[in-house]
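Engineer: Below is one structure. I have some questions about it.
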Amino acid sequence: MNQTWRAHLQCKLQQLHEQGQYRDLHVTEKAEETWLIRDKKRMLNLASNNYLGLAGDERLKEAAIACTKRYGTGATASRLVVGNHLLYEEVERSICDWKGTERALIVNSGYTANIGAISSLASRHDIVFSDKLNHASIVDGIILSGAEHKRYRHNDLDHLEKLLKMASPEKRKLIVTDTVFSMDGDTAYLRDLVQLKEKYGAIIIVDEAHASGIYGIGGAGLSHIEKNLSQKIDIHMGTFSKALGCYGAYLTGDEIYIEYLQNMMRSFIFTTALPPSTLGAVQKAIEIVKEDNERRENLIANGEYFRTKLRDAGFDIGNSSTHIVPIVVGSNEHALRFSKRLQEAGIAAIAIRPPTVPVHSSRIRFAVTSQHTIADLKWAIDRIIHIAKEEELFV
């Protein structure tokens, strides 16, 4: 190996170790279940994004198997070549019916959806206004676009309006936000954001990755909680990999936006399409979440119970109002130690560190699901409190 490169990489890895930011992989089994096996130890799963428990649902498995048997294991090409299977058309129609939009485009992941859409729509002639806690894929899309990047303080709409007022009138404006923030569990003020985008002549993209399948009518997303709000949002992005228990993502909105992305989005054009098995499972998952209110209600109730108990115990859970509940501890060292103790106690809960979250805000990110019982959550809470007191860290 080239010795110059070896020395450089070894130095960088050593720095990660010293900063408490080194990451490694752990073998995990049964992650689709409430109790998983990690490094051969049974643990309560409080770390996955299988929010509605659909990743292990027999109906999705059967749909995936049926499509594999009928259509094979691969798409064989990109969608613009010969990979645009009839299943794509069917699922995209289902998304439009679900979201109340004109057209949809299925892509391979939430990450590729965001980097592709933002970098295709925006250019050096434009300004993108982005919440400071938006997902990395949004940030990367803005960087790729070459647009002027204005980050407003998290959920601070006065700051956003100030930036909009200061923006050059010659530049097109794009506002982009998560709806449920993935590391904090709080939500965007969508109604106010829409009012600002209309007032200042911008368009808005919302990332519903952690809200699709959970909130709004039929689980269509946070943008569907308020009447007539969703139609005022220009582009909706959502994933199939979280509440829907599958893989992939979608972009949906007015015809003109989706037609443009189909023709200009490099992360869509230059990649092989998703396999038929995934599309079959996604179609079944959409059918289920539109009708199964009980799963959504269980998830929301579990999130409320877990948040309340942790907050009452004295933990800093920020402004979480959803199924994602962080305990913010500050340093990498504290987060890693807490995570290690939790896993030793049988709780799968992972330390989240910079650059995923801001410096000095390392945390344990818990994610409850609809499949957890109150007994599961009480068992976990008791251990979380006990370990925190024992370590003299937080309570």
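From the backbone N, Cα and C atoms, a Cβ is placed for every residue, glycine too.
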Engineer: Looking at Swiss-Prot, Gly110, Tyr111, Asp207, Glu208, Ala209, His210, Thr239, Phe240, Ser241, Lys242 are annotated for pyridoxal 5'-phosphate. Which of Ser78, Ser182, Ser267 sits in that same site?
Structural biologist: Ser182
Engineer: Which single residue out of His135, His149, His154, His236 does Swiss-Prot record at the substrate site shared with Arg23, Thr356?
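Structural biologist: So the substrate site in Swiss-Prot includes Arg23, Thr356 plus, from the candidates His135, His149, His154, His236, His135.
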Engineer: I'd like to know which of the binding-site residues Ser182, Glu208, His210, Phe240, Lys242 sit within 10 A of His135 (substrate binding site) at the Cα level.
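Structural biologist: Taking Ser182, Glu208, His210, Phe240, Lys242 one by one, the ones whose Cα falls within 10 Å of His135 (substrate binding site) are Ser182.
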Engineer: For His210 (pyridoxal 5'-phosphate binding site), name the DSSP secondary structure in the helix/strand/coil scheme.
Structural biologist: coil
Engineer: What residues, ordered by sequence, lie under 8 A Cβ-to-Cβ from Phe240 (pyridoxal 5'-phosphate binding site) and sit at least six positions away in the same chain?
Structural biologist: Cys246, Tyr247, Gly248, Ala249, Tyr250, Thr278, Val282, Ala285
Engineer: Per the record, substrate is bound by Arg23, His135, Thr356: how many Å separate the farthest pair of Cα atoms?
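Structural biologist: Max Cα-Cα spread across the substrate binders: 19 Å.
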Engineer: Whole-number Å only: compute the distance from the Cα of Ser182 (pyridoxal 5'-phosphate binding site) to the Cα of Thr356 (substrate binding site).
Structural biologist: 10
